[in-house]
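Engineer: Below is a structure I'd like to ask you about.
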Amino acid sequence: MPAAAARFRDLLAAEWIKLWSLRSTPWAFAVGAVAALGVNLNATLADYRNYPNYPDGIKELFVPIWAMRDAFTLGGAMVFILATGSIGALMIVGEYGTGQIRTTFAAVPARRAVVAAKTLVLAAVMLVYGALVAGVSFAATQAVLDGRGVGMGLGDEGVARAVAASALLAPVCALAGFGLGALLRHTATTIVSLTGVLLLLPALMDERNRWGATFLHALPQGAWKRLTEVGVSPVPVEYPWTAGGAWTVYAAWAAGAVAVAFVAVHRRDV
């Protein structure tokens, strides 16, 4: 095996150890998953209890619209965004905060290689984490709704896309947090900025306004909402977005965040 390849493999192993050596990492993963699943299951149980009393109009639309919204609620997604984005940020700002980054760069002067290793480890871990949480959320909520005969399966139209979008939300937001952390290098500032960009800005956007709708579509949360939509919404959407455009937003945020991290780490002193 070439020395460069062996060395990069060692970098990947080192970043894996660093990620799990942080005391906050297991807690952040656990709390994020439990909170997101709890929000989704709470909404599902409420619909399960109230379903017999719903008017016929709601029952007709329950599958697929409301059943899918129970599987992936906006509240659950917001918790998930904050948790994964924070973990991504801590993977880089933690080293800057302790000064360990100086030791890292002294041992490995090739800063781009270090950033590449961090990015790959973070993306891989978050992809698995996102898939687990999204899969469990869908399976658990639909199992509850099956008790009323209104559960959905993976083979139903739009379901696989919604599950994939929810799973990929984890690495996208984690990389966004990583890029922001590399740029700001301060834990509190990074988390506040991350919350503002990924959670508060979407809440301030008015979808009835063309510019507001366009801006919302360009954010990960807006892209996620579009990708998890199934069926025909009973409420007309003035400025709809395509699924292809939403996937592009995911890719652009991930690639842009990684690019910011590469530039910030390479060009700035520690």
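Cβ from N, Cα, C; glycine included.
Automatic prediction, not curation, is the source of TrEMBL annotations.
Below, the features straight out of TrEMBL:
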- 27-46: transmembrane segment (TRANSMEM)
- 71-94: transmembrane segment (TRANSMEM)
- 115-139: transmembrane segment (TRANSMEM)
- 159-180: transmembrane segment (TRANSMEM)
- 187-205: transmembrane segment (TRANSMEM)
- 247-265: transmembrane segment (TRANSMEM)
Engineer: Same chain only, please: residues at least 6 beyond the ends of the transmembrane segment (27-46) with a C-beta under 8 Å from a C-beta of the stretch. Say none if there are none.
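Structural biologist: Answer is 69-73, 75-77, 79-80, 82-84, 86-87, 90, 129, 132-133, 136-137, 140-141, 144-145.
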Engineer: Going along the chain, which residues at least six beyond the ends of the transmembrane segment (159-180) come within the CB cut-off of under 8 Å?
Structural biologist: 64, 68, 71-72, 77, 80-81, 84-92, 118-119, 122-123, 126-127, 129-131, 133-135, 137-138, 152-153, 190, 193-194, 197-198, 220, 223-224, 227-230, 243, 246, 250, 253-254, 256-261, 264
Engineer: Which bits of the chain, at least 6 residues beyond where the transmembrane segment (71-94) starts or stops, bring a Cβ under 8 A of a Cβ in it?
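Structural biologist: Hits for the transmembrane segment (71-94): 15, 18-19, 22, 24-25, 28-29, 31-33, 35-37, 39-40, 43-44, 100, 118, 122, 126, 129-130, 133-134, 137-138, 141-142, 152, 162, 166, 169-171, 173-178, 180-182, 184-187, 190-191, 194-195, 198-199, 220-221, 224-225, 228, 261.
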